[in-house]
């Protein structure tokens, strides 16, 4: 049975919400068996396309990957990130968000920002588009924030994040991502906000957690401090590639067990090549 936003909200304070990113059909199919929520994140720009940041990710890219992920799911809620500069007015936000939902079949969109995007969030929610909020460290704002740094370390920054989170919730977001903030602030917001908080680098005080799946699986040697690598796929893949190349070079692959047997037509062709033509 497909989870919906009410199912996610009902888990607040009762059951931790497990979320991961996915960008492809095969990965989404695996995640769907176990995760409550799958985010088609704009982190696809860095993890799949090798971009320096998320700022170059386009709406078409998000829709293409959203389609692939939705095709694979049978249970998890699927949320698609709205890319940079795709929601700077309520009307533009609705135009692009409605396209994402209609073309991918996803359940909701995610917007980065607090007070500055509250109007856009309210505009979408009022028109039937569920929204996931995102405050704290916001990758689309990294130039303004001075890089990818922990947020909320000063009193003014802490207050700003609290105002952002409150504005997002009041605008109608069904849950909110808290990224790279202190454990005490995450705990305070989780207690105060009426909707689930999903942490990424924000401690286990949050109602749920999310990670970039490539980081969690150890597919890169570079990853943030807050990531726990539950596998080491980078070395597993390297070992597999080395083994494959060695087997090819030594003519060990393909073996007889990997080849097809001759059918009647081929046997005739080999015995009487001119007659088989």
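Backbone N, Cα and C define each Cβ position, glycine as well.
Take the Mg(2+) site that Swiss-Prot assigns to 42, 81: the candidate from 112, 119, 120 listed for it is 112. Ranked by Cβ neighbours within 10 A across all protein chains shown, the binding-site residues 42, 112 are led by 42. Other C-beta atoms found within 10 angstroms of the C-beta of residue 43 (3-methyl-2-oxobutanoate binding site) number 21, with every protein chain shown included.
Taking the centre of the Cβ atoms of 42, 81, 112 as the Mg(2+) site, the nearby residues of that chain (Cβ within 8 Å, site residues left out) are 41, 43, 54, 57, 82, 83, 84, 110, 111, 134, 139, 140.
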